[in-house]
Amino acid sequence: MEFQTEGNNGGVGEGNSGFFADCRERLCSAVDSLSCTVFGFAGKLAQIARDDPRRVVHSLKVGLALTLVSVIYYITPLFNSWGDSTVWAVITVVVVMEFTVGGTLSRGLNRALATLVAGFLAVGAHMVAQLCGEKGEPILLGVFVFLVGSAATFSRYIPEVKARYDYGVTIFLLTFSLVGVSSYRVEEIIELAHERFTTIAVGVAICLFTTVFIFPIWAGEDLHKLTTGNLDKLAEFLEGSYNNLDELEFPCIPYVKGMGSECFGENSSWENLEDKAFLQVYKSVLNSKAREDSLCTFAKWEPMHGKFRFRHPWNQYQKLGTLCRQCASSMEALVSCVINLKKSQYPEANPELCLKIGATCAAMSLNSAKALRGLSLTIRTMTTPSPINNDMSTATKAASDFRAEFSEDVALLQVMHMAIVASLLSEIVIQIERITESTNNLARLARFKNPERSRSAVVISIED
């Protein structure tokens, strides 16, 4: 019996130890999984901050604005004067604060002005409705709400209103409806409208203070950099990418091969062409319209800052961006033709003619890329472009020579794919000419400085 009892106790002990070991293993596995998730999330946050450190600055500014507006609750005289309406100041900070100065100005001014106008109209509607007596007042108020709501909603379909004042129309509708409807039950309607507008104005003022005066982020500068970046990407597709875009005037900088050197150069290689990075670089240009339109809309609200004067021609950036996307679209067609050309093995059919067309394509690609980089540098430094653009002239001459020499050549039928590639390149050259013209218009409208005058001023200052 004693032996049997000992055996049973031993079995129970072994079972308990196995159960605890299993629990310990599962707990360790859960802790490891949780730690991996936490570290992975922290790494993702760190990567977001590294991609654009301004996001961290904006987050801190929002926190500061909320802290400042919450002081209204802590100061008893302010809270007693506004009461529960102080919550509108907090709501205003939450919905108005945007990443850029232009975005905050747009939403802030729209909200303040829309609240003011809607408050005046609602109070006026209330006074007119009171003249109809107790029975007629709610009917007339309902008619006013219907008419104003319908008209304001229809105005949002106007393109100009939709682009710049859509948020303001929404706030106008909300304020008019709230004040107009509540006026039937609230006796002090003027005081209610005054408190609502005052608290919203305080919230807007705090947003503008933190956005404009504490590490401002300008939509105009972002739009400027986006435009120069798009030009650089188009040039990178045709020629290659330089390691340092701030030193474009030095031709000795190494670069990654592009279309001109990779497909049509002396040491061109058609192997693994689909995997080449330069064939994908133009795609971000095609997808830049939404961000470009948003930045342009916000930039129009911003005051003078840096090199950007009052009434800077922001619309010209949109026109230039449209031309860049048209050029990128042609590049997309060019990529398809180049890949088909590689698969069809047409370059082996008539090697002499292929080499001749390849030389023309290389001249168009490389000179067009240099012209694009020059335009990018012009916009980046805000200097007037040179009236004589040798690179653009060379590319245009190569395109004209191709159309004149090969348009009626029967031998082209043997290398039709190669001819289509050259034809698309000549179209890209024409589009780059339009980009050049648009850049010249931007330089004229924005009054870019003359680089020669800048150099002479520097020389004079050095001599003095």
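Any Cβ shown, glycine's included, is placed from N, Cα and C.
TrEMBL annotations: computationally assigned, not manually curated.
Copied over from TrEMBL, here are the features:
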- 56-75: transmembrane segment (TRANSMEM)
- 87-105: transmembrane segment (TRANSMEM)
- 112-133: transmembrane segment (TRANSMEM)
- 139-158: transmembrane segment (TRANSMEM)
- 165-185: transmembrane segment (TRANSMEM)
- 197-219: transmembrane segment (TRANSMEM)
Distal contacts, the transmembrane segment (56-75) - CB-CB under 8 A, six or more residues away: 49, 82, 86, 89-90, 92-94, 97, 99, 199, 202-203, 206-207, 210-211, 214-215, 217
Tertiary contacts of the transmembrane segment (139-158), as residues 6+ beyond its ends and Cβ separation under 8 Å: 121, 125-126, 128-129, 132, 166, 169, 172-173, 176-177, 180-181, 183-184
Recorded stretch that, among 112-133, 165-185, 197-219, has the most CB pairs under 8 Å to the transmembrane segment (87-105): 197-219
Remote residues contacting the transmembrane segment (112-133) - C-beta distance under 8 A, at least 6 residues beyond either end: 139-141, 144, 148, 168-176, 179-180, 183-184, 189-190, 193-194, 196-197, 200-201, 204
Other parts of the chain folded back onto the transmembrane segment (197-219), taken as Cβ under 8 Å at six or more residues beyond its ends: 54, 57-58, 61-62, 64-65, 68-69, 72, 82, 85-93, 96-105, 108-109, 111-112, 115-116, 119, 295, 298-299, 302, 305-306, 308
